[in-house]
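Undergrad: Have a look at this one before I ask anything.
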Amino acid sequence: MIRTRSYWPYYLAALACALFLLILINVRVDGRLFAADQAIYRQLQQLRTPWLDDVLITVTQLGDTLMVTVITGVVTLWLLFRKSWRTAGYWLLTIISAAAINTGIKAAIVRARPGDMMYSGWSAYSFPSGHTTANIVLYGLLCILIYPCIQRRAARILTVCGAMGLALLIAASRIYLGAHWFSDVLGGMLVSTLILSIAGARYHAGKMHTLTAGAFLMPIVATLLIVGSIHVWHGRHVSMQRYTPPALSDRASGNTPPPAAAIATP
């Protein structure tokens with residue numbers, strides 16, 4: 001099936017790129033946005049409660065590197081099993097590209113997180129948010145692949161709202177837990193929007209395989225329930241330590257290397 005070319009995804013990509021560059025410049029020079037970062041950080045840390053911590057720590061665990069990797073692998077294997085070679089290639093290439101771009105920007109900007117979060121290596125850097133970028137690309141690309149295959153409008157809306165709702169909740173959890181500044185998450189959203197706009201436009205411009213939405217979603221839901229439950233239980237102690245509410249104090253620029261005391265993520 002061949003789709004006619006549409007240019008609006010490229011306009012969206014250009015807008016996302018322009019906004020991202022504005023935020024990037026602001027982050028590099030510690031402009032007015034950093035004052036907003038500090039204000040939002042302080043306010044959210046003061047509003048934290050034990051029960052909401054439990055909920056959002058679980059949410060953030062479901063969006064970490066392990067879960068993104070497992071879900072990516074499950075979907076890739078399913079597409080290969082269905083002999084959807086082109087779709088599998090787009091899926092894998094887009095997610096790997098998003099990870100590489102995010103890591104490259106982190107390494108170039110070298111912005112420290114709001115607090116000492118027990119991260120090491122590139123993960124110790126803050127801008128842009130890796131959780132946000134990875135999960136919006138993951139679930140956004142999922143919607144791009146299966147949206148044309150869902151016939152009922154209500155089912156389309158429910159699928160998109162569910163998938164993107166989870167991705168945005170993961171992004172919000174990073175700010176609430178003090179793992180990222182607000183501008184880190186905003187930057188991650190813009191990077192992922194840029195990637196999805198280009199990937200989606202290129203995918204729909206070519207020949208697409210017919211996918212069964214239900215059969216596509218079931219392995220992902222099963223992975224979240226089974227692997228996610230095990231992962232959350234196994235990593236709970238470390239996560240509770242990592243996201244313990246910090247003592248509130250003024251913090252200087254985030255454009256510095258991470259503290260030497262940071263330890264590796266298990």
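Note: Cβ is positioned from N, Cα and C throughout, glycine not excepted.
Whatever TrEMBL says is automated annotation, not expert-curated.
Fair warning: this is a prediction, and the values are worked out from it, not measured in the lab.
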Undergrad: Of the residue ranges 25-43, 215-233, which one carries the transmembrane segment annotation in TrEMBL?
TA: 215-233
Undergrad: Could you name the stretch, out of 59-81, 88-109, 129-150, 157-179, 215-233, with the greatest number of CB pairs under 8 A to the transmembrane segment (185-203)?
TA: 129-150
Undergrad: So what's near the transmembrane segment (215-233) in sequence-distant terms, Cβ-Cβ under 8 Å and 6+ beyond its ends?
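TA: Residues 58, 61-62, 64, 66-67, 70-71, 74-75, 78, 142, 145-146, 149, 159 contact the transmembrane segment (215-233) from elsewhere in the chain.
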Undergrad: Would you mind splitting the domain 'Phosphatidic acid phosphatase type 2/haloperoxidase' (87-200) into helix, strand and coil residue counts from DSSP?
TA: 90 helix, 2 strand, 22 coil
Undergrad: Could you tell me what the rest of the chain brings near the transmembrane segment (59-81), counting residues at least six beyond its ends with Cβ under 8 Å?
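TA: For the transmembrane segment (59-81), the far contacts come to 87-88, 91-92, 95, 130-131, 134-135, 138, 142, 166-167, 169-170, 173-174, 177, 179, 215-216, 219-220, 223-224, 227-228, 231-232, 235-236, 239, 243.
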Undergrad: Mind looking up the mean pLDDT for the domain 'Phosphatidic acid phosphatase type 2/haloperoxidase' (87-200) in the predicted model?
TA: 90
